[in-house]
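Copied from TrEMBL, the annotated features are:
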- Cys288: active site, nucleophile (ACT_SITE)
- Phe156, Lys180, Glu183, Arg184, Glu388: NAD(+) binding site (BINDING)
- 19-483: domain 'Aldehyde dehydrogenase' (DOMAIN)
Amino acid sequence: MTVASKETIVIKNYINGNWVEANTTNFQDVPNPATGETLASVPISSKEDVDQAVRSAKETFKTWGNTPVPKRARILFKYHELLTKNHEELAKIVTKENGKSYKEAYGEVLRGIECVEFATSAPSLMMGDSLSTIASDIDSEMFRYPVGVVGGITPFNFPMMVPCWMFPLAIACGNTFILKPSERTPILANKLAELIQEAGLPDGVLNVVHGAHDVVNGLLEHQDVKAISFVGSQPVAEYIYKTAAHYGKRVQALAGAKNHTIVMPDADLDSTVQQIINAAYGSAGERCMACSVVVAVGEIGERLVESLIQAANEIKIGDGLEEESFLGPVIRETQKQRTFSYIETGIQEGADLKRDGRKDKEINDQGYFVGPTLFDNVTPDMKIWKDEIFAPILSVVRANTLEEAINISNQSDFANGACLFTRDGGHIRTFRETIDAGMLGINLGVPAPMAFFPFSGNKSSFYGDLHVNGKDGVEFYTRKKMITSRF
Ligand code: NAD
């Protein structure tokens, strides 16, 4: 249920430096998930809107792609300054439209700002290579160039960080960009565009087109869009990868996850519990790096489950704007109902429901709250083990050895993150060498790499070759020319 507010705004697209109405009569409400209050109305734009944005981006590319790299970087320095100045406001917008706690939102904004920081190094990052005398009197050089118009399609769960994985680096490398934010969290994207305009970015370099499938397909099919960056759920990532490739584009598509955390008997119980609680229930479990499965090895299992229940009981559920709230709502009522039905599935599959988040008292009738939920004795044949639920549900699986625990983790179709809690160096090495996941954590819960490293999953968590951020990001957003010269 959504409740209209006097402040409801109709969101506009940002094309060629102008705030324009979409060519559509189709709009969706954007509720605050903590209250149900309507924050805005988002247009479900058409392919015509995409076309306008692509025309603008293609035209602007002619000048932006030739703008000196240090000049492009200087605009990003200014952008960095403005984002930092507006850090609190940006975090409040994230909390309001996504539901995560203000503290988490503040952290997310910082992660976004760090991406801009990385992108300001474009003059160094874009350097090529050279080698003299590859044969008598012959030298070879490699130069990097932007690829052209790039499309970015982003999910609801990180309205700041995920777009910042994409457009700052893409434009620093000389590309022009069309961002299609999640229609469930569209508000922050316009604030990001507003601030980059203020930083002096020429019109048409960054465009924002709001909407859903039509905008996505418009970008995928458009012959003037040369590359697609996508982050979202697994089925959509697979579709994006295949369709973009069909239309001859380069593509990176980051997908869903089911991250396992292995706890060895020698782990420090208190800090392990604290890290797992944060990783499983922070951001209401709506993180691609959330800990959704714990594999407890040996005798620590009983104590670990008891301590997790105790810590979960102390979690403060509530509107993320209230300072003491740790666990905010999930994104929509439909997601709340989907989570409830997964809890029912877990019971029917025979897992032990140790803490039932359906029974937590909600702070109001309108918000989409689910309390921290914990299942014990989950097994890999269960649906609650296999599926990405994307909610504050933690499954505990029991194992007897590290090898068995790793084998269980590796049976998952997903391979985004995985963590190990232990004090044993040998265990750490075995884990590092044999686990399938792309981002590993040792004695910490959410091992999200910083912007100068690639953010990388494997198996069904990633479709493509080059990951976002780091040197991979630079490779993705540039094409190379080799020159071989005889003197
Ligand atoms: P989603 O797949 O529903 O939506 C992502 C984007 O794709 C949105 O912009 C949406 O409008 C668009 N979209 C959705 N369905 C589409 C379709 N059928 N055709 C064309 N476009 C479509 O994802 P979400 O629910 O917004 O985000 C959560 C998902 O994102 C989770 O699975 C999470 O694990 C994943 N995620 C992954 C990473 C990572 O780094 N691997 C990071 C963040 C989120």
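Placement of Cβ uses the backbone N, Cα and C atoms for every residue, glycine included.
Curation plays no part in TrEMBL annotations; they are all automatic predictions.
In the three-state DSSP reading, Lys180 (NAD(+) binding site) counts as strand. Sequence-distant neighbours of Phe156 (NAD(+) binding site): residues of the same chain at least 6 apart with a C-beta under 8 Å from its C-beta are Asn98, Ser182, Arg184, Thr185, Glu286, Ile331. For the recorded site, Glu388 (NAD(+) binding site), the DSSP three-state label reads coil. Remark: Glu388 (NAD(+) binding site) has Ser233, Gln234, Gly256, Ala257, Lys258, Ser292, Phe414 as non-local neighbours, by Cβ distance under 8 Å and separation of at least 6 in sequence. Taking Cβ-Cβ distances under 8 Å and a sequence gap of 6 or more within the same chain, the neighbours of the residue listed as 'active site, nucleophile' are Asn157, Val231, Leu254, Gly256, Ala257, Asn416, Gly417, Gly457, Ser461.
In this structure, of the binding-site residues Lys180, Arg184, the smallest number of CB atoms within 10 A of the CB marks Arg184. Of the residues the record lists as binding NAD(+), namely Phe156, Lys180, Glu183, Arg184, Glu388, the two whose Cα atoms sit farthest apart are 23 Å from each other. Mapped onto three states, the DSSP output places Phe156 (NAD(+) binding site) in coil. Predicted-model confidence for the domain 'Aldehyde dehydrogenase' (19-483) is 97, expressed as mean pLDDT. Counting Cβ atoms from all protein chains shown, Glu183 (NAD(+) binding site) has 20 others lying within 10 Å of its own Cβ.
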